[in-house]
C-alpha cells in the first residue's frame, strides 16, 4: 500500500478513534452521534478495541439494523463476550434477527447450555433452518450455506423464474444467482438474475441456464471459497451427498473465509496458533499458549546443534575463530531456506506446483542456492579475512556455498513433501528448515574446516 | 484444509493433468475434448504450467468465449508470452474481446510499441475507454474500474431505473449495483438491482437509494479491495478527484487484488520479491534476482554478530563450551521474535492495533517473552547440565529468559514502528528481528557469562 494512501486512511481512523475515546468518558449522546456517522466497518473495529463494558454501552446505542449488521461482523469470541454482557431480552432479539448461517456460527462460540436455550427461543421455521446449518461440521461449506434463496423448477420459463424471484425477494439472502432444480431438488443448472432480465419472458429456462459450478456442504470452507474466487462467481449452489440443493454460498462469505484462512496461514508460518480475539483483547496467558508448543518442539530439536558442536569441540578448541562465523553461517542458511520455503508454500497453495514437479523444483532450487551462495561468499570474504586468516576465510566461503545450496533445496522440498503427506506445508516448513539448516550447516562447516585446516 | 478434501481435490487435478500430459504428445482432438470438459480455472492452471509452445497450441483449441475468459485469468507475464506466440490476427481479436480494465492490465505487461500498436487497432470507443483506464497509475483502483456500467439520474423512478438496466444489460460488466448520479455525474446514491425489483415502479429513486460507499480512482488497489470486503459489497462506485463517477470496482476484481496482495505479503515476509510468473515458468536467474537483495543486506548485518563474538573471543577461549549453545540460544530468540512479529504484522494489517497502543503492546510482549523464556529455560536445563557444568547451565538458562523477553518485545515493537514511518511492516520485520536478536542475544549471553563465571 502506498504511503500517502495509508496515511490518509490512518488519519481518518485516528480521528474517529480519538472522538470515540473522548465520548467514552460518559458523553453518550456524543458517542451515539459518532457511531451513527461512522462507516460500519470502522464501528466494528472500534467495538473490538473497546473493553467489554464500554463495548456493551456502545453497542446498545446502535440502531437495531446497524446493530445486527455490526454484530455479524464481530469475531465470534467477541460476540460471545458481548452476549454475556447484554440482557437476555436483547440477546434473544439479536439472535432472532441474524441470518441462519451467521446465527449458527454465533451459537457455536457460546456455552452449550446458553446456545440450546437461545435456539429453543426462536420461531419454529428459523429454529429448523438454524439446526440444519448446525448439523454440518464446523469449517465446512455447510456452515456458510444460506437456505434463504430462490430456486426455480427446470420446466419454468424465464418470465416465470423472474416472477419467482420477485416473490421471494423479501426473504432471500441473495437473488442474483438462481439455482434451477428438478423435482428431487437436484440442481440441473444456474441462471443469473441478469440473464433473466435480458431474456424474453417466453423463453424456456432450459435454453438459457448454465452448467452449475457447485460445492458440497461437506467440503472444506477453503475449497469452496477458492471455487468462488477462481470462477468470479457471486454465489454457488451448495449440495448434499445426494446432490440435492442445500443452500447458496455467497461471495461475501467466501471473502470472510479467505480472510480467516489467511489469518491462520500467517500464524502457522511463524509457528503460532491463530488468535481467536483481536490482539488487544487477548490475555498474556493466551498469547503464551498460542506460541509455546512450537517453541518447545524447536528447542528440543535445537539440542541437535549442541550435539554437533559438542562432537566438533576439539576442532573448536584448536581454532576458536571458527566460532565467530557460526551465527552468520546458520543465519544465512536459515534465510535462504525460508525464502525458498515461502515461495514453494505459496506455489503449492495456489496449485502452481504439484508433487510430480519435484525433480524440476529440486533442480531449480539447487542451482539457485549455489548461485546465491557464491554471491554471498564473495561478499563475506572481506570480513572473513579481516577477522580470521586466509585458510579460515576459505572455509567460511566454501561453507556458505554448500549451506545455501542445501538450504534452498530443503526449502523447496519440505513443503512439497508436507503436502504429499497431508500436512499443511505452512505448519512444518519454517521450523523444519531452521532445524535442518542449523544442524547440517554446522556439520558441513566443521567437515570443510577439518579438510582445509587439517584438524 | 482437511486431509480428505485436499486429497479428493488433488486426485481430480492429478487426473486432469495426466490426461493433458498424454494429450500433449500430439493428440489434438483428445486435448480439445479435455480442455472443453475441464473447469475453466483448471484449464488456466494447466496453461500456466505448460511450456510456451504447448500453451499456444492448447490455447488455440479453446472456443473463443472460453479463450477470452481463460486469457483474463492468466498472470500478466504469461499473457505477454502467449501474445508473443500467437499470430497478429489472433492477438488483435483477443485484445478487442477483453473488458477495458482487463485490456489495460494486459497492455501494461507488453512491450511499449506492441501495446501502442494494439491500442491503435481497436474500435474508437473501446480505444477511448481503455486509454481512460490506462491514464490511472498502476496498482490504483482506477486500473480496475470498469466503465461499462448502468447509471441512472437521481430524479428517475424505480421503474425508469429498471428499464435503464434492461436496456444497458448487454454492454455492462455488472448491473447489480446501480449508481444514482446528478447532472454533473456526481454519485448521490446507490441502488441495488434487487431493491429495484422489489419496489413499486412509481416510487422515486431518491426514497429507496442508499448512501454510496465509494472509492477514489487514485486510491491504492488494496484499500479499495478492503472496502469491498468489509462492506460485503458486490461493487462500489469509483470516483475521480471531483467526485464524478468513473466506473465500478467489482467484487471479483477485489478478490483478485486481495490475492495479489497476499502473494506479495507472503513473499515480503520471507524477504523475497513476488514472482511475476508461476514458479515452474520462472528461470533460475529470476529466482536469484528475487532473493539476492535481502540476503546481501542481511549478511552485511550479520557481520555484527561476528564483531560481538570477536569482542568476547577471550571469554570463548577460556570456556569453549559456551560456543555449544550459541545456535540454540539465538535460534530460539529468532523464533520468539518471529512469532511476536507475525502476530503484530497481522494485527496491524487488519487494524486491530495502532501506534497509540504501543505501551499496551510492549507490556504484553514483555510479559509473554519472560513467561516463554522461563518455560524454555526449564526445558533447556537438562541438556545444558549434560553438556556443560552447573555454572554454564545457569548462564544458558538466564540468557534464555532475557533473550526471549528482548525478542518478543522487539517483535511486537518493530512492525508498529515500521507502519508509523510508512514502511510495510512485512518487509522489515523478519530480517530486522533476526539481526537484532542475534547480535543482542550474543551480547546478553557473554555479559551474563562474564558476571556468573567471573570472566
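The backbone N, Cα and C atoms fix where each Cβ goes, and this holds for glycine too.
Per TrEMBL, these features apply:
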{"type": "DOMAIN", "residues": "A:145-207", "note": "domain 'CBS'"}
{"type": "DOMAIN", "residues": "A:208-266", "note": "domain 'CBS'"}
{"type": "TRANSMEM", "residues": "A:292-312", "note": "transmembrane segment"}
{"type": "TRANSMEM", "residues": "A:324-345", "note": "transmembrane segment"}
{"type": "TRANSMEM", "residues": "A:366-386", "note": "transmembrane segment"}
{"type": "TRANSMEM", "residues": "A:392-418", "note": "transmembrane segment"}
{"type": "TRANSMEM", "residues": "A:430-453", "note": "transmembrane segment"}
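Beyond its flanks by at least six residues, the transmembrane segment (A:392-418) meets 319, 321-322, 325, 329-330, 332-334, 336-345, 348, 353, 355, 357-358, 361-362, 364-366, 368-370, 372-374, 376-378, 380-381, 384-385, 424-425, 427-429, 432-433, 436-437, 440-441, 444-445, 448-449, 452-453 of its own chain at Cβ-Cβ distances under 8 Å. Mean pLDDT, taken over the domain 'CBS' (A:208-266), works out to 92 on the 0 to 100 scale. With a threshold of 8 Å between CB atoms, the same-chain residues lying at least 6 positions outside the transmembrane segment (A:292-312) that come near it are 271-273, 330, 431, 434-435, 438-439, 442-443, 446.
Helix first, then strand, then coil: DSSP counts for the domain 'CBS' (A:145-207) stand at 20 helix, 17 strand, 26 coil. Long-range contacts of the transmembrane segment (A:366-386) within its own chain (CB-CB distance under 8 A, at least 6 residues past either end) are made by residues 325, 328, 332, 336, 340, 392-393, 396-398, 400-409. Each residue of the domain 'CBS' (A:208-266) gets a DSSP state, and the totals for helix, strand and coil are 27 helix, 16 strand, 16 coil. Tertiary proximity for the transmembrane segment (A:324-345) is limited to same-chain residues at least six positions away from its ends with a CB under 8 Å from its CB atoms, namely 269, 305, 353, 361, 365, 368-369, 372-373, 376, 380, 384, 387-388, 396, 399-400, 403-404, 406-412, 414-416, 425-426, 429-430, 433-434, 436-438, 441-442, 445. Within its own chain, the transmembrane segment (A:430-453) has Cβ neighbours under 8 Å at 269-271, 294, 297-298, 301-302, 304-305, 308-309, 312, 315, 319, 322, 325-326, 329-330, 333-334, 336-338, 341, 391-392, 394-395, 398-399, 402-403, 406-407, 410-411, 414, counting only residues six or more beyond its boundaries.
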